[in-house]
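Trainee: Quick one: structure below, then a few questions.
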Amino acid sequence: MTDQVKELVSKCLQARDLAYCPYSRFPVGAAILTIDGAIITGCNVENASYGLTVCAERTAIQRAVVEGHREFTAIAVTCDIKDRFVGPCGACRQVLMEFGSDWIVYLTKPDGSYKETSLSELLPLAFTPAHLAKN
Ligand code: THU
């Protein structure tokens, strides 16, 4: 594991500990690596009006964009499930795809072990901003 991946994984685990999830009690943490090496984190933020819940990955993306980042290389995602690697929900896959298909995705277990995959593997044949380009 490179130091950068180690840090990304550790930051997503820390972010999970900040999750606001009183309804599901299912904490999720995400950490995004920007092209210039910054790491932006997110956790899920639930709401009494359940449908207003925002996932960890999307919280991280919103934060990153507000902080001026639009180019990303990787995301690490974690939850409390110990015995298998868990991927981002479909909505989050689409939101990540808005910022390119070249993301490395580290599906991270609570002990810090991870499976490396990619966004294009997680969301094949995706609808992307390129499809909206006039031709
Ligand atoms: N959740 C995420 O934060 N990311 C995902 O990719 C899947 C689900 C959150 C939403 C909700 O707060 C809780 O996990 C249970 O669905």
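Including glycine, each Cβ sits where the backbone N, Cα and C put it.
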Trainee: According to TrEMBL, Cys89, Cys92 bind Zn(2+); which of Cys55, Cys79 is also listed for that site?
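Mentor: Matched candidate out of Cys55, Cys79, per TrEMBL for Zn(2+) with Cys89, Cys92: Cys55.
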Trainee: Do any of the binding-site residues Val45, Glu46, Asn47 touch ligand 1, in the sense that the CB is under 6 Å from one of its atoms?
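Mentor: Among the binding-site residues listed, those whose Cβ sits under 6 Å from ligand 1 are Glu46.
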Trainee: Taking the mean position of the Cβ atoms of Asn44, Val45, Glu46, Asn47, Ala48, Ser49, Tyr50 as the substrate site, which residues outside that list, in the same chain, have a Cβ no more than 8 Å away, listed in sequence order?
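Mentor: My list of surrounding residues reads Tyr20, Tyr23, Gly51, Leu52, Thr53, Val54.
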Trainee: If you compare CA-to-CA distances from Ala48 (substrate binding site) to each of the recorded positions Cys55, Glu57, Cys89, Cys92, which comes out shortest?
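Mentor: Smallest Cα separation from Ala48 (substrate binding site) among Cys55, Glu57, Cys89, Cys92: Cys55.
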Trainee: Look up Val45 (substrate binding site) in the DSSP assignment and report helix, strand or coil.
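Mentor: Reduced to three states, the DSSP call for Val45 (substrate binding site) is strand.
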Trainee: Using C-alpha atoms only, work out the spacing between Tyr50 (substrate binding site) and Cys92 (Zn(2+) binding site) and round it to an integer in Å.
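Mentor: It is 17 Å, counting Cα to Cα.
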